[in-house]
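Just below is one structure, and these are the notes that go with it.
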C-alpha cells in the first residue's frame, strides 16, 4: 500500500517525528506555565503536524481492523502511536472556555488508539466505554449527584491495585525503552529490535491512554456539574475564572507540632497543617469555605439555626459514642477495681 504514496513515506516520517518532538518539548519543558505563548505555539504546531500525518495514514490505509500485527511492516509500527500523541497534545491546550470540547476530543483520540491496539492484540486491557459516562443524561444531574452513591470499596481497592501494577509496568517499560533508544535511532538495531522497540512504545502509550481516559472522565463530571450549578445560580459572566497555579508538593501534617517535627527532617519540602492547607486552598478559591454553614436558597435564619443545632447534636452523639467505646476498651484491659486504692483489701 506504500506504493501510491511513494513521496509520502519520508514526509510522513518527518511529520510524526516533528509532532513527537514538539510533544516531548512541551511535556518536559522548562517553561513554568503550559499557558506561556511559546508553549502554546508548540502545541499548535505539534497538533498540526500530527493531524497531517494522521490524514496520510488514513489515506494510505496503513492499518486495518482485520489485520494481524505481523502484517504491519516494522517501519510502519511507529504510526500506531499517532492517535495517542494527538490525544496527549490536545490536553495541553489551555483555553478554559473550550476545556470540555478539548477533553472530548482528546478522549476520542485515546479511545481510537486503544481500539486499534486491541484489534492487533496488543496489550491485555479492558477497552473503556466509547463515550464518557453520563454523556446520555448530561443535561439532568441525578438527584443527590455522584456523592450520594456509596463508593464500592472492593472496586476501589482493585482499581488501586491495577494502578500500582500499571505504574510498575510503566517504569519497567521506560527502562527497557531507554536502553534500546540509541541503537534504534542511530540505525544500528536489526529488524527484530526495531519491532520490539515500537511495540514496547505502543504498550507504554496504552498505559498512558488508560490513565488519561480515567482522569478525563473525572474532570468531565466535575465540569458538567459546575456547568449545571452555574446555570441554576450565577448570572452569566459574573465570575471570570482564573487559571489555577499548580500546587507545589508538600507534606500534609495534622497540626503545628507535627509540622515542626517533619519540617526538620525534610528540608526540601515545605510542611503545612491541614488547617493551613484549607486556608491556602480557600484563598485560591478552590475550597469554598466548607466550614461555614452552607445555606440553600430560601432558608430562614431559624431553619439554619435548627440545622446547625441538629448537626451539633449529631457531633455530640458521635463524641459520646467514642467516649463509651474508649471506656469499653479500657474495661477490657483493666480488671474491675483497678486504680481504686481507697478501700484496699
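Note: Cβ is positioned from N, Cα and C throughout, glycine not excepted.
Feature annotation from TrEMBL assigns compositional bias 'Polar residues' to 228-243.
Secondary structure of the compositional bias 'Basic and acidic residues' (303-312) per DSSP, as helix, strand and coil residue counts: 10 helix, 0 strand, 0 coil. If you look up TrEMBL, you'll see 303-312 (among others) marked as compositional bias 'Basic and acidic residues'.
The feature compositional bias 'Basic and acidic residues' is assigned by TrEMBL to 320-335 (among others).
What TrEMBL records for 128-151 (among others) is region 'Disordered'.
Per TrEMBL, the feature region 'Disordered' maps to 226-245 (among others).
What TrEMBL records for 283-345 (among others) is region 'Disordered'.
Counting residue by residue with DSSP, the compositional bias 'Basic and acidic residues' (320-335) contains 14 helix, 0 strand, 2 coil.
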